[in-house]
Amino acid sequence: MQQAMIQFWEGLPLIVQINLKIMAILTPLMLAVAYTTFAERKIIGYIQVRVGPNRVGPRGWLQPIADALKLLTKEVVIPTNANRYLFLIAPVLSIAPALAAWAVVPFDNGMVLADINAGLLFLLALTSMGVYGIIIAGWASNSRYALLGSMRSAAQIISYEIAMGFALVGVIMAAGSLNVGEIVMAQQGSVYHWFLLPLFPLFLVYFISGVAETNRAPFDVAEGESEIVAGFHVEYSGMAFAVFFLAEYANMILISALTALLFLGGWLSPFEGILPDSVFAIPVLGWLLNSGIHWFLMKTAFFLFCFLWFRATFPRYRYDHIMRLGWKVLIPVTIVWLFVAGAAVAIGIGPWFA
Amino acid sequence: MTFEAFLFYFFSVVLVGSAVAVITVRNPVHSALFLVLAFVATAAHWIMLEAEFLGILLVLVYVGAVMVLFLFVVMMLDINMSRIRQGFMKLLPVGLVVAVGMMAVMAMVVGAKVFQVEPPAPAGADYSNTEALGQLLYTEYVYPFEIAAVILLVAIIAAIVLTLRRRPDSRYMDPARQIRIRREDRVRMVKMESEKK
């Protein structure tokens, strides 16, 4: 049976194989995005001592599907004097990079769509392209609130990209590779070998910049409701709005997954090198404790939870404070730590930089 | 036609088309966006030449940063296109002469005769263009590379210093000072009995 299936798979044309793999990544991703919105409302609800959505389906579990149906059936209003083509292409431009970036994300050892050498550069390039959707949306809507929101958000994204890129340079120095899979394998050994420990300041900078990049609270001035209504997507309705929404959540999941991969050893188990090998041989328990995709998903889910936690905890930053934090705090921290990492590489401090 | 050839012609058509559109479309924002498209198509060409580092860097630097700032400025400007287009017909003959001259020179320098290069043999699977480039930059060309870096640094500092101006009339609050504020500086807690009527 297994033999036959493998034979059938290898008989398929390459393009069909690639498309099936893309489907295998994107379908769970889209479901995860839908249920992240549900999780957000539930978690923030419980943090604020409310119940959250609990009417649609058992305990509210069908809420995201109801939301999607509602948005699908609503009319997409195009404002007067809006630039029609750019107005409609902007949501696509914002979601496409968020989905394309998953091509180089390894879920397990070798379980990756495109195992390219410059994977990390590819990720940086794609995340930097996401800003176009926002700028174009703001400009094409022919609305000053939208334009102001997109300006704020674009300035914020470009500023934090620098800190983010510098933080990644530290990871590259420690791993000695740009391939995401090899970066994870460089952290093999035990919890002690993860880059979280030697690159802790860079980890903090990366995650804070990640929150700022996705325009999430506490850095969500781009959609500051009290000041500029909803920011760049104020004129969007129906499915066009939903696509922006999906892009935001897909980006959140991507940032969480990357943090897990680059600093917490991706699919590597925290028990690796601590428990004896005989434990990993136990049928079910051994598989659970051993490295695998489930550890990657758990770490990603933890950071995703942090996004929601931050939103419920911190008040919104003021715009000039955001700029100050990015340029005057995070970037100097990364530069100092790059010097430290460089010295560590030169001396060869083990086990990370050896 | 192989798949590579198809990709080459596809991206070439996109590149040439968008490059023409940059100078022909009326709206300056559209023009800037077509320039972005031209950069992306060029990056695709470079990646097909197995120069993935340059291709990705082109997207990262030019598409992701330079053009975003460009677009910012273009969106904020109120450009009067009719004034710019005035005198187009009058200057057209001169422009045509210059264009034909440039074309002739370029054809002589990079004409088909000079560019009859066989496509390079595809490198092995373990070849990494990024790594090869890094090896060259940090060994053979380390001094030119460092000098270029210093020049860029000087340019950055110069740009910042030239545009930095103190405006005494702006009401600016120093965020660092604001953050250092403690409760004791602002609030005085007073304990007092509630008054009897």
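Glycine is no exception: its Cβ is also placed from the backbone N, Cα and C atoms.
Just so you know, TrEMBL annotations are computer predictions that nobody has curated.
A quick note: this is a predicted structure, and the numbers were derived from the prediction, not measured.
Under the heading transmembrane segment, TrEMBL lists A:20-38 (among others).
Annotated transmembrane segment per TrEMBL: A:85-104 (among others), in sequence order.
Distant neighbours of the transmembrane segment (A:116-141): 79, 82-83, 86-87, 89-95, 97-98, 100-101, 103-104, 147-151, 153-154, 157-158, 161, 164-165, 168, 171-172, 178-181, 183, 213, 222, 231-236, 244, 247, 251, 254, 258; these residues of the same chain sit at least 6 beyond its ends, with a Cβ under 8 Å from one of its Cβ atoms. The transmembrane segment annotation in TrEMBL covers A:116-141 (among others).
The feature transmembrane segment is assigned by TrEMBL to A:162-185 (among others).
TrEMBL lists A:191-209 (among others) with the feature transmembrane segment.
Taking Cβ pairs closer than 8 Å, the transmembrane segment (A:241-264) reaches residues 29-30, 32-33, 36-37, 68, 71-72, 91-92, 94-95, 98-99, 101-102, 105-106, 123, 127, 130, 133, 137, 168, 171, 180, 183-184, 194-196, 199, 202-203, 206-207, 210-211, 213-216, 233, 296, 299-304, 306-307 in its own chain, all 6 or more past its ends. According to TrEMBL, the transmembrane segment annotation covers A:241-264 (among others).
Feature annotation from TrEMBL assigns transmembrane segment to A:284-310 (among others). Counting only same-chain residues 6+ beyond the ends of the transmembrane segment (A:284-310), those with a CB under 8 A from a CB of the stretch are 36, 39-40, 43-44, 47, 107-109, 111, 207, 211, 214, 216-218, 252-253, 255-257, 259-261, 264, 266-272, 275.
Summarising the annotation, TrEMBL assigns transmembrane segment to A:330-353 (among others).
Here the transmembrane segment (A:191-209) has long-range neighbours at 160-161, 163-164, 166-168, 170-171, 174-175, 255, 259, 262-265, 268, 270, 272-274, 303, 306, 325-326, 330, 333-334, 336-337, 341, 344, 349, 351-353, meaning same-chain residues at least 6 beyond its ends whose C-beta is under 8 angstroms from one of its own. Counting residues 6+ beyond its ends, the transmembrane segment (A:85-104) has Cβ neighbours under 8 Å at 25-26, 29, 78-79, 112-116, 119, 122-123, 126-127, 129-130, 132-134, 136-137, 139-141, 180, 235-236, 240-241, 243-244, 246-247, 250-251, 254 in the same chain.
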